[in-house]
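Structure first, commentary second.
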């Protein structure tokens with residue numbers, strides 16, 4: 001029994017020794033294989049590891065730069081820089097009112113400029129020795145360019161997502177052309193500069209509406225647009241009144257010097273107090289898309305009947321008003337022998353009516369939109385048309401009465 005136990009132990013010892021030797025041989029072979037792999041693929045592995053480390057370092061640096069860029073914008077003292085999540089509709093009310101005031105004052109400029117020459121048309125005809133048709137063209141060419149130029153300004157503003165830069169550029173164009181108007185000595189230079197002047201002053205007619213849309217929600221826009229269009233209707237009165245007094249006491253050239261000073265003040269207001277309201281802000285590392293500028297792209301909106309009908313209606317109203325304004329100086333100066341300054345005061349009545357109508361219609365339009373939305377649980381832009389019926393009926397009646405009373 002002891003001999004058998006000894007034999008088993010000896011056998012076990014031999015087997016364990018053989019396994020240990022086999023394990024050592026296997027380990028040696030593994031080491032040889034690993035060594036061979038390292039000799040063949042070692043340089044490639046090391047190079048790849050270095051590339052991964054470099055890429056990780058570059059990524060970390062880019063992240064640090066982007067974080068620093070966001071912090072600079074957020075903490076910047078420049079009030080015109082905005083970050084992507086800074087929605088203008090969430091700006092404080094005081095800031096919105098400040099922006100709206102700048103937009104209204106800027107919009108006032110175009111309409112003051114369009115009508116400031118009316119009281120001086122007869123004097124310009126005599127001093128520049130031209131015909132009645134040519135001198136009336138000073139008004140016609142301004143109105144024509146004031147209708148076309150906003151389309152181009154609006155297309156550029158939308159393509160490059162900027163309101164502020166367009167406003168500054170257009171105001172600079174206006175100031176330069178107005179100064180040339182003030183020193184011009186012949187009717188043809190004056191005509192050309194009046195066209196350029198219209199292009200510069202009319203940008204806010206489209207950009208102003210875009211800014212209001214940027215900073216106000218739909219249920220607040222009616223009142224804001226009412227105040228904005230207050231300048232549209234009140235501006236012609238201010239233009240005629242200023243034109244009448246400036247022509248009578250200082251001469252017609254001072255009308256243009258007054259406009260140049262006015263434009264300079266607006267330029268300063270835009271430069272220091274008007275932030276960028278467009279919410280699309282390009283990233284400094286995003287160069288994958290290039291903006292496309294199509295100057296006639298807004299005309300595509302005329303494919304929609306509702307837009308076309310509104311444009312036709314507003315065009316008829318504006319044309320009628322300007323025809324009336326042109327006829328007033330000649331009719332009242334010849335029939336009643338009124339001075340330029342007195343003729344300017346004749347426009348107080350239409351200005352007061354337009355001011356009252358703009359303020360009332362803006363609030364009433366918001367009221368109608370809210371009521372229609374509450375009743376149907378949905379809203380669409382055409383709902384505001386219900387607030388325009390009463391004014392549309394008053395316009396033809398009032399002009400028929402004006403023509404009859406004038407005769």
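Cβ coordinates are placed from backbone N, Cα and C, and glycine is handled just like the others.
Any TrEMBL annotation is an automated prediction that lacks curation.
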- line: The residue range that TrEMBL labels transmembrane segment, out of 36-57, 58-79, 168-189, is 168-189
Message: Pairs of Cβ atoms less than 8 Å apart decide it: which stretch in 99-121, 252-274, 343-364, 385-405 has the most with the transmembrane segment (168-189)?
response: 252-274
Field: Contacting positions for the transmembrane segment (343-364) when only residues 6+ beyond its ends and CB under 8 Å are counted
entry: 119, 222-227, 229-230, 232-234, 236-238, 240-245, 321, 325, 328-329, 332-333, 387-388, 391
